[in-house]
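The following block contains the structure, expressed as structure tokens.
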Amino acid sequence: MAGNSIGQFFRVTTFGESHGIALGCIIDGVPPGIPITEADIQLDLDRRRPGTSRYTTQRRELDQVRILSGVFEGVTTGTSIGLMIENTDQRSQDYSAIKDVFRPGHADYTYEQKYGVRDYRGGGRSSARETAMRVAAGAIAKKYLAQKFGVQVRGYLAQMGDVSCDLLDWDLVEQNPFFCPDASKLEPLDALMRELKKAGDSIGAKITVVAENVPVGLGEPVFDRLDADLAHALMSINAVKGVEIGDGFAVVTKRGSENRDEITPQGFQSNHAGGILGGISSGQPVVAHIALKPTSSIMVPGQTINRQGEAVEIVTRGRHDPCVGIRAVPIAEAMMAIVLMDHLLRQRAQCGDVASDVPRW
């Protein structure tokens, strides 16, 4: 089956292309009675949308969301929620030069080989434009998680190129265009972006997402473990080439005596596991990291082929992000929220009556 949906109890199906008429999604499984407005959803969409700073693509989409169904008098009805965002700033002529050429590092070649046809305008369905609907659906999940369980899902830029950012100030994340929590790194990040723009090149990034106050018990061993579903969801984001849960690949150099999260009557003493043990949430913060590749849509000439298999030189023109990782923060938050909400509903369905005498913190 086509891979346009995610989730079992909280199910999100998206549709639309980069230069199509509109983007949309259908959300099934939303409990009734949740207060939700277009303004609630718009808050996260505005964090993701293009053209909001000089560091991102200058495609200027308002990304104004419309609720088509599933909400009446300001609350969810329990029926399918339909959301739509119209595309308003397409410049398809920017892509006419690549109609018969395959951009290296993009999905052009693989989409052509899989489907026998491709929408070359901005990448069509493979464009990160599609993620606007994930953010919209994630905004609903985030509101439910916060209202019902006090769960807070937040993300930040952990690294761009050689510039690493320490988590020093959550409030600062929303006060700069990089989603950076480290004030001392704002100037180096700005310098790096100016250098990239001048060179017509791009850079990769690392994003960290943290969910706090996640209840114990979420996750369905063995194939739908919470970390497995999180990895699946986060890996589905455009340009993501790696996912880590907790300490991730750093555990390779650790010994069991230092990596285990020891438990005392006061609680866990560390969180190397990233809040997930045996595929089930432990009650600690759920922590995930994603690595995003540098976009291949750059002004630096490169080698590729055309439809006839002939060697050609390519320079990608148009409006593109020097670092796609900047706008990935709200997208990663949305995907974590979608997975957590799905698993909360699944846990309630099967194990909602389970009570344990073992302490939880």
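Every residue gets a Cβ built from N, Cα and C, even glycine.
Values in this document were obtained by computation on a predicted structure and should not be read as measured data.
These came from Swiss-Prot, pasted as-is:
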BINDING   Arg48, Arg54  NADP(+) binding site
BINDING   Arg125, Ser126, Ser127, Asn238, Ala239, Gly278, Lys293, Pro294, Thr295, Ser296, Ser297, Arg319  FMN binding site
Which is it, of Arg48, Arg54, Arg125, Lys293: the one of these binding-site residues whose Cβ has the most other Cβ atoms within 10 Å?
Arg48
Rounded to a whole angstrom, what is the C-alpha distance between Thr295 (FMN binding site) and Arg48 (NADP(+) binding site)?
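Pair distance, Cα basis, whole Å: 17 Å.
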Out of Ala239, Lys293, Ser297, the binding-site residues in the record, which is closest to Arg54 (NADP(+) binding site) when you go by Cα distance?
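So, spelling it out, the nearest of the binding-site residues is Ser297.
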Restricting to the chain of Ala239 (FMN binding site) and a gap of 6 or more, list residues whose Cβ falls under 8 Å of its Cβ, or answer none.
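When sequence neighbours closer than 6 are ignored, Ala239 (FMN binding site) has Ala128, Leu292, Lys293, Thr295, Val324, Gly325, Ala328 within Cβ distance under 8 Å.
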Quick check: of the binding-site residues listed here (Arg125, Ser127, Ser297), which one has the Cα closest to that of Arg48 (NADP(+) binding site)?
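The answer is Ser127.
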